[in-house]
Ligand code: IPE
Ligand code: IPE
Ligand code: MG
(Lines of atoms letter the chains of each structure in order from A and count residues from 1; the text may use other names and numbers.)
(Lines give C-alpha, C1' and ligand atoms only; values in the text may rest on other atoms or scores of the structure.)
(Ligands and ions follow the chains in the order given, each with its own letter.)
Protein backbone atom coordinates (compact mmCIF):
# COMPACT_ATOMS: atom_id res chain seq x y z
CA UNK A 1 0.00 0.00 0.00
CA UNK A 2 1.36 3.37 -0.91
CA UNK A 3 1.20 6.65 0.87
CA UNK A 4 -2.07 6.74 2.67
CA UNK A 5 -1.49 3.96 5.20
CA UNK A 6 -3.29 5.20 8.25
CA UNK A 7 -5.14 4.00 11.27
CA UNK A 8 -7.51 2.12 8.95
CA UNK A 9 -4.74 0.24 7.20
CA UNK A 10 -5.19 -2.96 9.14
CA UNK A 11 -8.78 -3.28 7.97
CA UNK A 12 -8.78 -1.51 4.62
CA UNK A 13 -8.80 -3.15 1.19
CA UNK A 14 -6.47 -1.96 -1.62
CA UNK A 15 -9.07 0.61 -2.68
CA UNK A 16 -9.41 2.05 0.78
CA UNK A 17 -12.87 0.56 1.36
CA UNK A 18 -13.23 -0.24 5.06
CA UNK A 19 -14.15 -3.79 5.94
CA UNK A 20 -17.50 -3.74 7.66
CA UNK A 21 -18.05 -7.03 9.45
CA UNK A 22 -19.17 -6.21 12.96
CA UNK A 23 -16.29 -6.81 15.36
CA UNK A 24 -16.94 -9.56 17.80
CA UNK A 25 -17.54 -8.84 20.63
CA UNK A 26 -18.82 -5.26 20.39
CA UNK A 27 -16.82 -2.74 22.39
CA UNK A 28 -19.91 -1.12 23.86
CA UNK A 29 -23.29 -2.73 24.48
CA UNK A 30 -26.16 -0.60 25.81
CA UNK A 31 -29.33 -2.20 27.14
CA UNK A 32 -32.80 -0.73 27.64
CA UNK A 33 -33.93 -2.95 30.50
CA UNK A 34 -37.68 -2.99 29.87
CA UNK A 35 -40.63 -5.20 30.84
CA UNK A 36 -40.32 -5.52 34.62
CA UNK A 37 -43.93 -4.47 35.18
CA UNK A 38 -45.31 -6.86 32.57
CA UNK A 39 -43.20 -9.70 33.98
CA UNK A 40 -44.78 -9.12 37.39
CA UNK A 41 -48.32 -8.62 36.06
CA UNK A 42 -48.14 -11.93 34.20
CA UNK A 43 -47.55 -13.61 37.56
CA UNK A 44 -50.11 -11.65 39.55
CA UNK A 45 -47.28 -9.91 41.42
CA UNK A 46 -46.82 -6.21 42.18
CA UNK A 47 -44.68 -4.26 39.68
CA UNK A 48 -42.07 -3.80 42.40
CA UNK A 49 -41.37 -7.54 42.34
CA UNK A 50 -40.56 -7.22 38.65
CA UNK A 51 -38.07 -4.47 39.44
CA UNK A 52 -36.52 -6.57 42.19
CA UNK A 53 -36.06 -9.49 39.81
CA UNK A 54 -34.71 -7.05 37.27
CA UNK A 55 -31.74 -6.36 39.56
CA UNK A 56 -30.96 -10.08 39.51
CA UNK A 57 -31.03 -10.02 35.72
CA UNK A 58 -28.62 -7.07 35.83
CA UNK A 59 -26.22 -9.06 38.04
CA UNK A 60 -26.31 -11.97 35.58
CA UNK A 61 -25.77 -9.64 32.66
CA UNK A 62 -22.75 -7.94 34.24
CA UNK A 63 -21.17 -11.37 34.81
CA UNK A 64 -21.87 -12.39 31.23
CA UNK A 65 -20.51 -9.09 29.86
CA UNK A 66 -17.22 -9.66 31.68
CA UNK A 67 -17.12 -13.25 30.43
CA UNK A 68 -17.81 -12.21 26.83
CA UNK A 69 -15.12 -9.51 26.85
CA UNK A 70 -17.43 -6.53 26.37
CA UNK A 71 -15.55 -3.33 27.23
CA UNK A 72 -18.45 -1.07 28.17
CA UNK A 73 -21.95 -2.06 29.30
CA UNK A 74 -24.51 0.74 29.65
CA UNK A 75 -27.84 -0.01 31.29
CA UNK A 76 -30.90 2.25 31.20
CA UNK A 77 -32.24 2.07 34.76
CA UNK A 78 -34.39 5.17 35.28
CA UNK A 79 -35.34 7.69 32.61
CA UNK A 80 -35.97 11.39 33.02
CA UNK A 81 -39.57 10.54 32.03
CA UNK A 82 -39.96 7.83 34.68
CA UNK A 83 -40.72 10.56 37.25
CA UNK A 84 -44.24 10.46 35.82
CA UNK A 85 -44.83 7.08 37.50
CA UNK A 86 -46.61 6.84 40.86
CA UNK A 87 -44.38 8.30 43.61
CA UNK A 88 -44.24 4.96 45.44
CA UNK A 89 -42.79 3.25 42.35
CA UNK A 90 -40.26 6.06 41.87
CA UNK A 91 -39.21 5.73 45.51
CA UNK A 92 -38.93 1.97 45.12
CA UNK A 93 -36.63 2.37 42.12
CA UNK A 94 -34.48 4.84 44.06
CA UNK A 95 -34.34 2.32 46.90
CA UNK A 96 -33.19 -0.39 44.50
CA UNK A 97 -30.31 1.79 43.29
CA UNK A 98 -29.30 2.39 46.92
CA UNK A 99 -29.44 -1.34 47.67
CA UNK A 100 -27.59 -2.25 44.49
CA UNK A 101 -24.68 0.04 45.35
CA UNK A 102 -24.65 -0.96 49.02
CA UNK A 103 -24.82 -4.71 48.36
CA UNK A 104 -22.93 -5.11 45.10
CA UNK A 105 -20.22 -2.46 45.14
CA UNK A 106 -17.58 -4.54 46.96
CA UNK A 107 -18.18 -7.50 44.63
CA UNK A 108 -18.12 -5.32 41.51
CA UNK A 109 -14.87 -3.76 42.69
CA UNK A 110 -13.36 -7.17 43.34
CA UNK A 111 -14.23 -8.23 39.80
CA UNK A 112 -12.55 -5.14 38.34
CA UNK A 113 -15.71 -3.32 37.31
CA UNK A 114 -15.52 0.46 36.98
CA UNK A 115 -18.88 2.06 37.80
CA UNK A 116 -20.05 5.35 36.27
CA UNK A 117 -23.51 6.87 36.59
CA UNK A 118 -24.83 9.13 33.82
CA UNK A 119 -27.87 11.39 33.88
CA UNK A 120 -29.04 14.48 35.76
CA UNK A 121 -27.50 13.81 39.14
CA UNK A 122 -28.42 17.11 40.74
CA UNK A 123 -32.09 16.11 40.90
CA UNK A 124 -31.36 12.93 42.89
CA UNK A 125 -31.59 12.71 46.69
CA UNK A 126 -28.35 13.67 48.45
CA UNK A 127 -27.69 10.22 49.91
CA UNK A 128 -27.91 8.65 46.45
CA UNK A 129 -25.48 11.25 45.08
CA UNK A 130 -23.14 10.26 47.90
CA UNK A 131 -23.42 6.57 47.10
CA UNK A 132 -22.77 7.23 43.43
CA UNK A 133 -19.65 9.24 44.26
CA UNK A 134 -18.49 6.44 46.54
CA UNK A 135 -18.99 3.83 43.79
CA UNK A 136 -17.26 5.92 41.15
CA UNK A 137 -14.38 6.79 43.46
CA UNK A 138 -13.73 3.27 44.70
CA UNK A 139 -13.77 1.69 41.24
CA UNK A 140 -12.07 4.46 39.23
CA UNK A 141 -8.94 2.43 38.48
CA UNK A 142 -10.76 -0.78 37.46
CA UNK A 143 -10.49 -2.03 33.89
CA UNK A 144 -12.29 -5.40 33.53
CA UNK A 145 -15.59 -3.74 32.55
CA UNK A 146 -16.94 -0.20 32.33
CA UNK A 147 -20.44 -0.39 33.82
CA UNK A 148 -22.40 2.74 32.97
CA UNK A 149 -25.67 3.12 34.84
CA UNK A 150 -28.08 5.59 33.21
CA UNK A 151 -30.16 6.86 36.11
CA UNK A 152 -32.41 9.90 35.82
CA UNK A 153 -31.04 9.92 32.30
CA UNK A 154 -32.67 11.51 29.26
CA UNK A 155 -30.72 12.03 26.06
CA UNK A 156 -32.33 15.38 25.24
CA UNK A 157 -31.49 16.63 28.72
CA UNK A 158 -27.91 15.36 28.31
CA UNK A 159 -27.54 17.15 24.97
CA UNK A 160 -29.08 20.35 26.39
CA UNK A 161 -26.64 20.24 29.34
CA UNK A 162 -23.73 19.77 26.92
CA UNK A 163 -24.97 22.73 24.85
CA UNK A 164 -25.12 24.82 28.02
CA UNK A 165 -21.49 23.94 28.79
CA UNK A 166 -20.50 24.97 25.29
CA UNK A 167 -22.30 28.29 25.74
CA UNK A 168 -20.54 28.83 29.07
CA UNK A 169 -17.14 28.03 27.55
CA UNK A 170 -17.76 30.40 24.64
CA UNK A 171 -18.97 33.16 26.98
CA UNK A 172 -15.88 32.71 29.17
CA UNK A 173 -13.56 32.88 26.16
CA UNK A 174 -12.36 29.28 26.58
CA UNK A 175 -13.88 28.17 23.27
CA UNK A 176 -14.23 29.91 19.94
CA UNK A 177 -17.80 29.76 18.57
CA UNK A 178 -16.36 28.83 15.19
CA UNK A 179 -14.67 25.81 16.76
CA UNK A 180 -17.93 24.25 17.96
CA UNK A 181 -18.13 20.93 16.17
CA UNK A 182 -19.24 17.35 16.84
CA UNK A 183 -16.25 16.73 19.08
CA UNK A 184 -17.00 19.85 21.13
CA UNK A 185 -20.41 18.43 21.85
CA UNK A 186 -19.57 14.75 22.31
CA UNK A 187 -16.77 15.57 24.74
CA UNK A 188 -19.28 17.45 26.91
CA UNK A 189 -21.82 14.64 27.04
CA UNK A 190 -22.05 12.42 30.14
CA UNK A 191 -20.65 9.63 27.96
CA UNK A 192 -17.54 11.56 26.89
CA UNK A 193 -15.21 8.84 28.15
CA UNK A 194 -16.90 5.97 26.31
CA UNK A 195 -17.01 4.85 22.70
CA UNK A 196 -20.40 5.11 20.98
CA UNK A 197 -22.53 2.02 21.55
CA UNK A 198 -22.02 -0.61 18.85
CA UNK A 199 -25.12 -2.51 19.91
CA UNK A 200 -28.30 -1.35 21.62
CA UNK A 201 -30.54 -4.11 23.00
CA UNK A 202 -34.10 -3.46 24.12
CA UNK A 203 -36.09 -6.13 25.91
CA UNK A 204 -39.86 -6.64 26.17
CA UNK A 205 -40.65 -6.25 22.47
CA UNK A 206 -40.86 -2.45 22.45
CA UNK A 207 -39.14 -0.92 19.44
CA UNK A 208 -38.21 2.61 20.40
CA UNK A 209 -35.37 4.47 22.07
CA UNK A 210 -37.43 6.28 24.74
CA UNK A 211 -34.89 9.14 24.90
CA UNK A 212 -31.84 6.87 25.36
CA UNK A 213 -28.41 7.77 23.88
CA UNK A 214 -29.89 9.72 20.95
CA UNK A 215 -26.60 11.32 19.90
CA UNK A 216 -24.44 8.28 20.57
CA UNK A 217 -26.68 5.81 18.72
CA UNK A 218 -26.11 7.41 15.30
CA UNK A 219 -24.53 4.20 13.94
CA UNK A 220 -25.52 1.66 16.59
CA UNK A 221 -26.94 -1.71 15.61
CA UNK A 222 -30.28 -2.53 17.27
CA UNK A 223 -31.51 -5.84 18.61
CA UNK A 224 -35.06 -6.06 19.95
CA UNK A 225 -35.99 -9.14 21.92
CA UNK A 226 -39.42 -10.11 23.27
CA UNK A 227 -37.75 -11.42 26.44
CA UNK A 228 -38.86 -9.42 29.48
CA UNK A 229 -35.95 -7.94 31.40
CA UNK A 230 -36.29 -10.11 34.56
CA UNK A 231 -35.84 -13.19 32.31
CA UNK A 232 -32.74 -11.81 30.57
CA UNK A 233 -29.65 -13.94 31.04
CA UNK A 234 -26.31 -15.02 29.60
CA UNK A 235 -27.99 -16.89 26.73
CA UNK A 236 -30.21 -13.95 25.75
CA UNK A 237 -27.13 -11.73 25.68
CA UNK A 238 -25.25 -14.37 23.69
CA UNK A 239 -28.08 -14.44 21.14
CA UNK A 240 -28.01 -10.65 20.82
CA UNK A 241 -24.23 -10.70 20.31
CA UNK A 242 -24.60 -13.41 17.66
CA UNK A 243 -27.19 -11.32 15.83
CA UNK A 244 -24.87 -8.32 16.02
CA UNK A 245 -21.94 -10.37 14.68
CA UNK A 246 -23.92 -11.08 11.52
CA UNK A 247 -24.66 -7.42 10.79
CA UNK A 248 -22.85 -5.50 8.05
CA UNK A 249 -21.86 -2.09 9.37
CA UNK A 250 -21.26 0.40 6.60
CA UNK A 251 -21.13 3.79 8.35
CA UNK A 252 -22.30 5.39 5.12
CA UNK A 253 -19.71 3.61 3.03
CA UNK A 254 -20.19 0.58 0.81
CA UNK A 255 -20.08 -3.05 1.83
CA UNK A 256 -16.76 -4.77 1.37
CA UNK A 257 -16.95 -8.00 -0.64
CA UNK A 258 -14.54 -10.75 0.23
CA UNK A 259 -11.84 -10.94 -2.41
CA UNK A 260 -13.08 -7.76 -4.11
C1 IPE B 1 -38.35 -1.29 33.04
O2 IPE B 1 -39.53 -1.96 33.26
C3 IPE B 1 -37.85 -0.59 34.29
C4 IPE B 1 -38.01 0.86 34.27
C5 IPE B 1 -38.43 1.56 33.25
C6 IPE B 1 -37.65 1.58 35.47
P7 IPE B 1 -40.95 -1.24 33.26
O8 IPE B 1 -41.26 -0.80 34.65
O9 IPE B 1 -40.99 -0.17 32.25
O10 IPE B 1 -41.89 -2.44 32.85
P11 IPE B 1 -43.11 -2.40 31.83
O12 IPE B 1 -42.59 -1.78 30.57
O13 IPE B 1 -44.16 -1.57 32.47
O14 IPE B 1 -43.50 -3.82 31.66
C1 IPE C 1 -37.39 3.07 29.15
O2 IPE C 1 -38.46 2.26 29.50
C3 IPE C 1 -36.63 3.48 30.37
C4 IPE C 1 -35.94 2.42 31.10
C5 IPE C 1 -35.84 1.17 30.71
C6 IPE C 1 -35.29 2.84 32.30
P7 IPE C 1 -39.93 2.86 29.70
O8 IPE C 1 -40.79 1.71 30.08
O9 IPE C 1 -39.90 4.01 30.62
O10 IPE C 1 -40.26 3.38 28.24
P11 IPE C 1 -41.65 3.68 27.50
O12 IPE C 1 -42.43 4.59 28.40
O13 IPE C 1 -42.33 2.36 27.33
O14 IPE C 1 -41.25 4.29 26.21
MG1 MG D 1 -41.46 -0.11 30.29
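Glycine is no exception: its Cβ is also placed from the backbone N, Cα and C atoms.
Automatic prediction, not curation, is the source of TrEMBL annotations.
As written in TrEMBL, here are the features:
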- 1-21: region 'Disordered' (REGION)
- 34: active site (ACT_SITE)
- 34, 221: Mg(2+) binding site (BINDING)
- 35-39, 47, 51, 79-81, 83, 85, 202, 208-210: substrate binding site (BINDING)
- 82: active site, proton acceptor (ACT_SITE)
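Positions of TrEMBL features highlighted on the structure.
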| residue | record | DSSP (3 states) |
| --- | --- | --- |
| 34 | active site | coil |
| 39 | substrate binding site | helix |
| 51 | substrate binding site | helix |
| 80 | substrate binding site | coil |
| 202 | substrate binding site | strand |
| 209 | substrate binding site | coil |
Listed recorded positions with Cβ under 6 Å from ligand 2, out of 34, 202, 221: 34
For residue 34 (active site), the one of 80, 82, 202 that lies nearest, given that the recorded positions are compared by Cα: 202
Neighbourhood of ligand 3 - recorded positions from 34, 39, 51, 80, 83 with Cβ under 6 Å: 34
Other CB atoms within 10 A, centred on residue 202 (substrate binding site): 24
Residue pair residue 51 (substrate binding site), residue 221 (Mg(2+) binding site) - Cα distance, angstrom, rounded: 26
Number of Cβ atoms other than its own within 10 Å, given for residue 80 (substrate binding site): 19
Fewest other C-beta atoms within 10 angstroms, as judged across 39, 83, which are the binding-site residues: 83
Among 80, 83, 202, 209, 221, the binding-site residues whose C-beta sits under 6 Å from ligand 1: none
Residue 82 (active site, proton acceptor): tally of other CB atoms within 10 A of its CB: 17
Chain-internal residues near residue 221 (Mg(2+) binding site), provided their CB is under 8 angstroms and they sit 6+ positions away: 22, 26, 198, 199, 200, 244, 247, 249
